[in-house]
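Encoded as structure tokens, the structure appears first; notes follow it.
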Amino acid sequence: MLSEVAAEAGAPLPMARVTPPGRPLAGLTVLVVEDSRYSSEAMRLLCMRSGARVRRADCLRSAFRHLQAYRPDVAIIDLGLPDGDGADLIRDLAHATPRVAAIVGISGDPGLHNTVLAAGADGFLAKPVESVAIFQHAVMSILPANLRSWRPTAVSDDMIQPDNASLREDLAYVAEILSRASDPNCIDYVVRFLCGVARSAHDEPLQEAALALAGDLRKGYAITASLAGISAMVEDRLARTIAH
């Protein structure tokens, strides 16, 4: 009945997308704002397996450049970025007109779920995200009706694994900053970055060391010894990725 009324009034009927089997995000563009190469590679694989086009920005400045050129259908935004808080970008996009259809906040800290939603995101993903099914469900569940596939689509049960090259890039980035960093804010950023990388790579000893160092920084403790220790751990992991 509603369709008949709309047709008689000359109003356009809502259009739904037709998607290939197993690729429920086909035809959509996803902007991933993520500074970690390892995590962004994971997102790239998840988007590709789901049929979406993906663009990456590694900082807020790069994200704004992308957004001046086009409006993505989905924005996936990490909170800890090198030039600011991803929550600020989430807030801007949530209040923009026209609005990005679906905004997802991501973090290696599951405790930031409420922070992400309070900033205006439609959903939250805790890193690491390795299941294609979990990723597809998280995005599809918040898409507006006109961007969802018109037919039931079986989500994939595949798991993704980023390659060692992207992990090596992240570790080399951390090693370089730690070798010359003296500013507490710079050290705080790279330690939080390392926490996320270690969590995504399932490296519990490195994650625990990074969390401990982050705690010492917050409390104002001396960190010289801890910094040297974590630098050695990073160099060890870097050597292993090169060997493989």
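Glycine is treated like the rest: Cβ placed from N, Cα and C.
Keep in mind the model is a prediction, meaning the values are calculated, not measured.
As annotated by TrEMBL, domain 'Response regulatory' applies to 29-142. For Asp78, the entry in TrEMBL reads 4-aspartylphosphate.
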Next on the checklist: Averaging the per-residue pLDDT over the domain 'Response regulatory' (29-142), what integer do you get?
Outcome noted: 97
Checklist entry - According to DSSP, how is the domain 'Response regulatory' (29-142) divided among helix, strand and coil residues? => result 53 helix, 30 strand, 31 coil
Item to check | Chain-internal residues near Asp78 (4-aspartylphosphate), provided their CB is under 8 angstroms and they sit 6+ positions away | outcome: Val33, Glu34, Asp35, Ser36, Ser39, Gly86, Gly105, Ile106, Ser107, Gly196
